[in-house]
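Quick look at what Swiss-Prot annotates:
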- Cys80: active site, nucleophile (ACT_SITE)
- His166: active site (ACT_SITE)
- Glu168: active site (ACT_SITE)
- Ser220, Gly221, Gly222, Val223, Asp224, Ser225, Ser226: ATP binding site (BINDING)
- 3-192: domain 'Glutamine amidotransferase type-1' (DOMAIN)
- 193-388: domain 'GMPS ATP-PPase' (DOMAIN)
Amino acid sequence: MNTVVVLDYGSQYTQLIVRRVREKGYYAELLPWDASKEEVQNLNPAAIILSGGPASVFEKDAPFVPDYILELNIPILGICYGLQSLVHKFGGIVEKSPKREFGHAVLKVKDDPLFEGLPKEFDVWMSHSDRVEKLPEGFLVIGESENSPYAAIRNKDGTIYGVQFHPEVTHTSFGDKILENFVSKVAKMEKNWKMTDFIEEKINEIRKVVGNDKVILGLSGGVDSSVVALLLDKAIGKNSIPIFVDTGLLRLNERQEVEENFRKLGIDIVVVDAKERFLSNLKGVEDPEEKRKIIGHTFIDVFYEASMKLLEKHGNIKYLAQGTLYPDIIESKVSERKAAAKIKTHHNVGGLPEKLPFKIIEPFRYLFKDEVRKIGKILGLPDEMINRHPFPGPGLAVRIIGEVTNEAIKILQHADHIFIEELKKNDLYDKVWQAFAVFLPIRSVGVMGDYRTYDNVIALRAVNSFDGMTADWSKLPHEFLNKVAKRIVNEVDGVNRVVYDITSKPPATIEWE
């Protein structure tokens with residue numbers, strides 16, 4: 001299959017380039033900028049896109065355009081730093097901009113296949129402190145903004161393009177059309193990426209690989225693992241065994257909902273009740289990083305024991321399926337090549353595959369979350385399961401600030417349930433990316449009836465986001481928040497105050513721990 005290969009130069013938006021291209025029906029993959037010639041050629045590239053990045057081309061050890069990229073003789077598009085790197089490569093001049101450009105700018109464009117079907121002026125999103133001061137020989141201007149005279153360029157052959165703005169972000173008008181024009185008009189690539197074809201290929205692939213053996217799956221009830229469970233069921237039926245671990249850190253009635261949802265889908269699941277074990281291991285622990293590690297290790301132990309019992313019972317379990325997504329693969333590749341600052345330990349059960357005697361199946365390892373949701377819809381997963389808000393692997397433990405106790409879990413489950421219930425009642429649930437309640441480790445004075453109270457505080461958090469990398473706090477109606485706060489204080493024993501978190505990401509993370 002022909003592929004649009006995106007080389008990553010470090011931009012926070014790089015994954016969006018791949019997603020935008022795929023959304024238009026063309027297969028794309030992401031590689032680090034210093035990937036080998038063989039890595040790129042193995043993908044059968046039809047076009048190359050160079051992402052943006054934080055470096056300056058004149059810095060020591062700055063990422064550069066590898067020679068072999070030019071030797072491939074296929075169309076190239078450089079975005080932001082990618083543009084500057086191309087200009088530098090061909091002998092042009094890049095310097096610090098006299099005025100940094102961050103945010104909206106008006107782009108004026110000339111007639112060109114890259115801008116076919118677009119108006120002569122439109123808004124784009126800039127994010128750069130360097131700019132091109134002189135074009136290399138053989139290049140010409142096809143777009144300019146007030147502060148970037150070379151905001152869009154190409155060579156005279158029309159095979160190498162560069163744009164100073166970011167077409168991959170939603171802030172750029174017609175950005176997806178620009179990327180599509182590059183792939184279809186410039187690179188002459190035919191559409192080759194369709195979810196129905198992918199599903200059929202994966203089902204056949206799983207059947208061929210697994211044969212008559214059995215597959216176990218760690219089922220959380222979230223979107224990724226639920227869609228994997230459904231795909232495995234379509235492929236191998238009862239030879240797929242989903243395992244659901246009840247950690248005691250789930251939302252109110254979540255175990256019952258998961259069991260009921262999969263009963264309706266006709267899929268049998270194995271439920272392991274490990275509530276007491278998780279709570280016992282967490283006793284007295286307040287540090288969030290320590291809580292995550294304990295939960296991760298406990299989950300591995302519980303899942304391992306359950307798997308060994310099933311192996312003893314069935315004998316022919318040979319595979320472990322995981323809901324690994326493309327961003328997980330990308331992040332692991334990045335971390336292999338360079339050290340990255342760790343903000344939180346992620347609960348992706350990292351030690352599980354090494355401990356279990358099974359081969360790994362990851363049917364979605366090259367998919368993004370929105371693509372998995374599309375597959376779920378095609379396979380018949382109910383909308384309420386497809387559109388569920390993200391839920392952290394450690395569960396409510398990272399929404400209880402401080403020690404996790406039975407009392408805190410019950411209070412938080414009830415408060416969170418009220419918040420989500422009201423969001424759904426008021427048609428707001430699908431309008432926010434994620435919403436939840438947080439149990440705070442403080443008490444406050446209050447008055448109920450004629451009595452003084454000294455009870456717990458609940459924080460509400462709701463954010464709008466595209467992919468969780470950045471997020472804005474949701475401007476929920478005041479009347480709605482008032483109603484939720486009243487219900488929580490009146491219906492949840494032990495709570496006398498409710499606050500609303502109005503911090504965006506950055507500087508805060510979405511979860512409190």
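We number each residue from 1, going along the chain as drawn.
Glycine is no exception: its Cβ is also placed from the backbone N, Cα and C atoms.
The average pLDDT for the domain 'Glutamine amidotransferase type-1' (3-192) in the predicted structure is 93.
Same-chain neighbours of the ATP site beyond Ser220, Gly221, Gly222, Val223, Asp224, Ser225, Ser226, judged by a C-beta within 8 angstroms of the site's C-beta center, are, in sequence order, Leu219, Val227, Val228, Gly323, Arg388. Of all the recorded positions listed (Glu168, Asp224), Asp224 has the fewest other CB atoms within 10 A of its CB. Neighbour counts of Cβ atoms within 10 Å were compared for the binding-site residues Ser220, Ser226, and the top value is held by Ser226. Cβ contacts within 10 Å of Cys80 (active site, nucleophile), excluding its own Cβ and spanning all protein chains shown: 27. In this structure the alpha carbons, written CA, of Ser220 (ATP binding site) and Glu168 (active site) are 32 Å apart. Distance noted between the C-alpha atoms of Ser226 (ATP binding site) and Cys80 (active site, nucleophile) is 38 Å. For His166 (active site), the same-chain residues that are 6 or more apart in sequence and have a Cβ closer than 8 Å to its Cβ are Ser11, Tyr13, Gly52, Ile79, Cys80, Val124, Trp125, Met126, Ser127, Thr172, Gly175. Note on Ser225 (ATP binding site): other Cβ atoms within 10 Å of its Cβ, all shown chains, come to 20. Taking the binding-site residues Gly221, Gly222 in turn and counting surrounding C-beta atoms within 10 angstroms, the largest count is reached at Gly221. According to DSSP, Asp224 (ATP binding site) is assigned to a helical segment.
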